[in-house]
Each structure stands twice: as C-alpha cells, then as structure tokens.
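J.: Provided herewith is a single structure, encoded as structure tokens, for subsequent inquiry.
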Amino acid sequence: MAGENGGGAFTIVYLICILIVGLPIVIAEFVLGRKTQLSPVGAFEKISPKSNWKWVGMLGVASAFVILSFYGVVGGWTLKYTLISLTGGFTKLAGNPDMSGSLFNSFITGSLAPVIWQIFFMAFTIFVIVQGVKGGIEKWTKIMMPAILVILIVLMIRGLTLPNGMQALDFLFKPKFEDLTASSIVLALGHSFFTLSLGMGTMITYGSYLRRDQNLLSSALWIILLDTLIAMMAGVAIFATVFAMGADPGAGPGLIFVVLPTIFPKIAGGAVWGTLFFFLLFMAALTSAISFLEVITAYFIDEKGWTRK
C-alpha cells in the first residue's frame, strides 16, 4: 500500500494518523473497558443506561464477527501454504506464475479444501480462547509475538542481502509526494484504524482486563510501536525478495499466494524461507483472530452468562 501511494509520503501520513487519531482512540477504548470491566455492549450500557449507545457496542461485536470470518479463511490459506512449502511443493512453481495462479485458484474455489483448512485454523484459535485470558491469550501471545519478530528479522535480513533487495527501502520509504492523493490519505487513515482494530471492540475488551494501576498511555504507545514496527519489517522482508527476483511489486493480493511461491524456489534454501514466511503469516493471522474471537466470547460471557468453555 505504501509503495503504490507515495512511498515514504504515505508512511508519514500513516504515522501521523496513528499518533493523532489512533493513539487517543486506543486510550479512550482502554479507559472505557477498564472503568466498566465489561465487554463493548455492557460497557456502553453501563456508562449510558437506558440509551441506544449499547448498539454502538453491538456494532463492534458484529464487526469483530465479520472480520473474524475473513481471518478464518485467510488463516486457513496460510496453514495450507505452510504445508506446501514444507513438503517442497513450491519447487515446480519456480518462475511460473501461471502454474502458481492455477494452483491457488483451484484451491480457493474448491468446495471442501478451503473449509477444512479454515476449520483447522479456527480450532487453533478456539483452543487459545478456551484456556482463558492468562492461561490462553496472554500465554500464547508471549510465545507468538517474539517468534514473529525473530522470523521477521531473519526474513528481512535475508531479503536485503539478496541482489537488488535494497530497492525495497526506496520503494517503501522514499517520499514521493507527487503520488500522494486525497485517496491515499483516506487509505492511510483507514489502514490505521484496521491495523489497531479500532471501533471493533477489541481494545475495550482488552481494556476490561487491565489492572487499575496500569499506565494506559504507556500500554497504548507500546501497542502502536510494535504494530507499526512489525508492519514496516514485513513490508521490507516481502518487497526485498520481490525486487531481488525481478517480480512485480504491484501484483496486489496475488503477491503473497501467487507471486512469492514462484520466487522462493529460486532462492538458496527456498523451502526453508517459504515455510518460515507462511508460518509467520499464520501466527500473525492467529493473533488477530484470537483478539476478534475474544470480543465475541466476552460478549456472551458478560451479557448472556455463558462460560468460556
């Protein structure tokens, strides 16, 4: 998104949106959650009884459900492609985007395979949620987040050391203000909301689990810092590899599941790098899916009296 909308100029606008708009909203949602100790619906209802504000919370829960359905599908794709790479399935795709595209299309249009892999992915997600906040979400996040950072660093270094890999830095971070449009600014604002899960009930729900003595500004800043850092590192890792192999950086959504599988076999140890990359995507999708499912789970626990299991 940055490379196609002004490079560094888009990144600057995105960071401004994160700090000016995203940070205050994250803190506000944390405050609402911690004060009420409830999920989004109950939180709005508690601060404004007998009003329609609870429907704002309900909209957040509904948004979490819709986005979770998206993550469930894509998360299943990442699991499938991790297995394909691990078993050397990308070897025959080397330099052949047509074959790679056919493989991807046949997979996602299948009547059974995508559903099975989505079930596997959601099973992982449910497994974490059922174990609770401390024994599940906190425990597994402490494992996955460092793993994500380590894998990203390894992939980023590998990509930048490939021939022409350094072009990714220009593509992503060199300001091209002439390419920055009003539409780009709106995209940057929307992207800041999406990456921080604002307005989806996630921060309110997690805020309800925060201690009274926890510094909300510090917590919000850490979230923004890590979210932005991971996004930047992922961009460098992906596009360094793309430029090194002479692929089209503007390939859009097909870049991940169509273009990259044709590139990894051309790199020494490609099966390892491909497996690491798609496993990284799996963990990233899983951490997001966990947060959205927790919003839905917290709603049924607080409002309907259900147990977590």
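Here, residue 1 is simply the first one shown, and the rest follow in order.
Keep in mind that glycine also has a Cβ here, set from the backbone N, Cα and C atoms.
From TrEMBL, for reference:
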TRANSMEM  12-32  transmembrane segment
TRANSMEM  53-74  transmembrane segment
TRANSMEM  107-131  transmembrane segment
TRANSMEM  143-162  transmembrane segment
TRANSMEM  182-209  transmembrane segment
TRANSMEM  221-245  transmembrane segment
TRANSMEM  251-269  transmembrane segment
TRANSMEM  276-301  transmembrane segment
J.: For the transmembrane segment (182-209), which stretch among 53-74, 143-162, 221-245 has the most Cβ pairs under 8 A?
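T.: That would be 53-74.
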J.: Return the stretch with the most CB pairs under 8 A relative to the transmembrane segment (53-74), choosing among 107-131, 143-162, 221-245, 276-301.
T.: 276-301
J.: What same-chain residues lie close to the transmembrane segment (276-301): Cβ under 8 Å, and 6 or more beyond its ends?
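T.: Same-chain contacts beyond the flanks: 39-41, 60-61, 64-65, 67-68, 71-72, 74-75, 78-79, 81-82, 85, 121-122, 124-126, 128-129, 133, 137, 140-141, 144-145, 147-148, 151-152, 154-155, 197, 200-202, 205-206, 208, 230, 234, 237, 256, 260, 264, 307-308.
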